[in-house]
Amino acid sequence: MSTDTTPADADRESTSTSTSTSTSTSTSTNQLARIAASFAAGQVSARALYAHHLAFLREKAGLSLQGLADQCHYEQSYLHRLETGGRLGTLTVAQALDRYYGTGTLLAGLWRLAKREAKRAAGGLTALEAAATSIQEYALTTIPALLQTPAYAEEQFVTTSPQSPEVLAAQIDALRERHDRLTESTPHPVRYRAVLDELVLHRGARSQATWDGQLDHLIATAHEPAVTLQLLPLHAGPHDLRGPLQLLSFRTRSPLAYAHGTLTDHLTDDPDDVEELSRQYDQLRDVALTPAQTIEHLHTLRTTTR
């Protein structure tokens, strides 16, 4: 029997392939629209949906994790963490799996939703701080928000993002509430450690009175039982951290790392990222002045500004 393909057969096959591709793209677009609506309504986590779809598609294809790893050339442990939500991974991985499963842009779209979700959570940093049991922070250019006086904070707000007097007052009030978590007046003060780059102290403030008040506040806060303050001297040399960083720990969820950038901020709970940033932070802490030396240095600096 001849197995030659006739022009009519080829046309049908081409039409079938085109229809299949179109249907796949249309289906993924429709699915993504429904998912986006659920996500916007706050009914489900985009990250959880992404992880669920990764596992569902693999199982539907009849593949084990090792089988998928062999096919796509990603480590089995890495794929497992994507499917369980332990990692979000990269857009490149989502796009590669879309191609493998023939799901159009479904996984890439879900990944983008999950990334957007993380950025939105970064906007709720105050809420995360309120839930944290410990916060470790590295400050490179300015005094950390949790250690700022209202006068210093107002100078920062006015300089970087001018607002109406009403908005500015609300920002200052919110900052005061955040400060309360560091003091003994709070039933369960957060354990707080800050490593201040010496550059912060050299920069000071525009108003001498504001800076004097800020130094006094740093000295007073450094004596709080839940607070550890360390100065990273300029002679400590180069290090890996290129910008401000916060590491937050919680009782009921995995740790977070929040890296502040000039144009964008990055919030992650990826275990590998958090571990690496924690390692870099620990290296800074180890070469910084001791808490006692830091307080002494602040006293000296305060005396010389009088």
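Heads up, the Cβ atoms here are built off N, Cα and C, so glycines get one too.
TrEMBL annotations: computationally assigned, not manually curated.
Here's what TrEMBL has on this protein:
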COMPBIAS  15-27  compositional bias 'Low complexity'
DOMAIN    54-107  domain 'HTH cro/C1-type'
REGION    1-27  region 'Disordered'
Whole-number mean of pLDDT values that fall within the domain 'HTH cro/C1-type' (54-107): 91
DSSP-derived helix, strand and coil totals, residue by residue, for the domain 'HTH cro/C1-type' (54-107): 36 helix, 0 strand, 18 coil
